[in-house]
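This report refers to the structure that appears directly beneath it.
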Amino acid sequence: MSASGAWGPAPPDVDLSESQDREILTSVITMMAIGIAAVILRLTARLKARARLGLDDYCVMAALTFAIGTAILCIISVPYGGGKHLWVVTLDEFTTLWKMTYAFVLIYATCVSLTKASILLYYRRIFGANWAHHVCMGLVVGYWVSITIAWFSGCRPVTYFWEQFTKPTAKGYCMNTSLFYFINGICAMLIDIAILVVPMPTLYKLQMPLRQKIAVGAILLLGAFVCVASIIRIIAMDKLVKADDFTWRMAQVFIWSCCEPFVGIVCACLPTYGPFLRRFWRKIGTSDRYVSGTSSNNLHNTKIERNKARMEWKQLHGDDVQLRGDDEMELTNDIRGGRQASLRTKDSDGDETADYVENIYVQKDISWTSSPKA
C-alpha cells in the first residue's frame, strides 16, 4: 500500500495495512445487544409486576434509541476510515467521518442525559424527591442544554468544523474542540458520581436488615461502571487531540463513546429486576411483598378495608409525608388468610407502586383491623 496520499507521506514505522474495523464492530454490536436486552428485561419485569410504565421507563427507552444512533454512526464510520491510519483515508472520506463526529456529539449528549434522568426519576419513585434529587436533575438538564448550545454555536459556519481540515479556502472559526471534549467528559462523569451518592443517605436510614441494605446498595453502586467507562473515554479523547493519526485514534474514542451510553442504560435497568431477583435470591432481595397471616392454633382471615386502612409514607429527608406528591397511599386489595398473602398499594394515579418500587418502603404508620374467621 502506498505510504503517501492526501495527507503526505506516512511515518516509516506505520503499517498502513492495519485496521481496527473488527474491534469497532465487535465492541459496538456486543454492547448494543446487551443494552437492548437490558431494556427488554426491564419492560418484562414491569409486565410481571402488572404495573404501568413510568416516566423513567420512557426515558430509558428514549435513551436506548439515541444509544442505538451512536452505535449506527460507529458502524458506518468503518468504511469511511474510522479505525484506519490517516494516510490511507481520502479527503472525501475524512470529511464524511468528521460530519459523523459532529452529529455523534449531539446524539451522545442527549443519550447520556436521558439515562441520568431515568435513574433520578426511578430514585424519586422509591425514596421521594428531596433537594439533592432536584439539584442532580438540574445538573442533568443544564448539562444537556449547555452542551447543545455550545456545540451548535462553537463553529461558524457549522460546515467549517469539517472543512477546516480538507478545504484550504474554507473560512470561519471554531472553538477549542479539545477543551470542549475534555470539559464535556469531566462534567458527565461528575454528574454520574453525584447520582451515585444521592440515594445512599436514604438507604442508610431505611429500616431493613444489614444484608438487604448491602444488597440494595451494591445494585445501585453498579452505576460506578459508568464512571469507569467515562474515565477511559476521557483518556481516549486526550490521546486523540494530541495525535497526528486522527482516524486511528478515533477508533477508541468511538468505541468508548458508544459503549458508555449502553453501560449507563444497563446500570439504570439493573435495580428494576426485582421480580427476577426475588425468584432466585429471596432472602437477599429488597422485597417484602408477602405478609404472613398465621396464628398459633387456627387460621384467621385478615381484611384491610379500603376506607379504614391507610398507610403513610415518610420522606426521610423531611417531615412531609409524601410519595410522588401525594400525602397518603391507600391499601386497595383485601388481604385474606393463609400462610402468605400478597400486599399491593396504589397511588392517586392508580399506579401499582408496590411492585414498581421493588417493595422498598419507608413506612411511618399503619392502622388496620383484623377479625377471626367465623
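Just so you know, glycine gets a Cβ as well, placed from its N, Cα and C.
Lifted from TrEMBL, the feature list:
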- 24-45: transmembrane segment (TRANSMEM)
- 41-279: domain 'Rhodopsin' (DOMAIN)
- 57-80: transmembrane segment (TRANSMEM)
- 100-123: transmembrane segment (TRANSMEM)
- 135-159: transmembrane segment (TRANSMEM)
- 179-202: transmembrane segment (TRANSMEM)
- 214-234: transmembrane segment (TRANSMEM)
- 254-273: transmembrane segment (TRANSMEM)
Study note, to complete from the structure: Lying 6 or more residues past either end of the transmembrane segment (179-202) yet within Cβ distance under 8 Å of it, the residues of that chain are 105, 109, 112, 116, 119-120, 123, 126-127, 130, 132-133, 135-136, 139-140, 143, 147, 150-151, 154, 217, 220-221, 223-224, 226-227, 230-231, 233-234, 237-238, 240-241, 264, 316-317
**Study point:** Tertiary contacts of the transmembrane segment (135-159), as residues 6+ beyond its ends and Cβ separation under 8 Å
**Key:** 102, 105-106, 109-110, 113, 116-117, 120, 170, 172-175, 177, 180, 184, 187-188, 191, 194-195, 198
Check your understanding: Taking a Cβ cut-off under 8 Å, which residues six or more beyond the ends of the transmembrane segment (100-123) line up next to it in the same chain?
Key -> 54-57, 59-60, 62-63, 66-67, 69-70, 73, 76-77, 80, 133, 136-137, 140-141, 143-144, 147-148, 151, 158, 161-162, 184, 188, 191-192, 195, 198-199, 223, 250, 254, 257, 260-261, 264-265, 267-268, 271-272
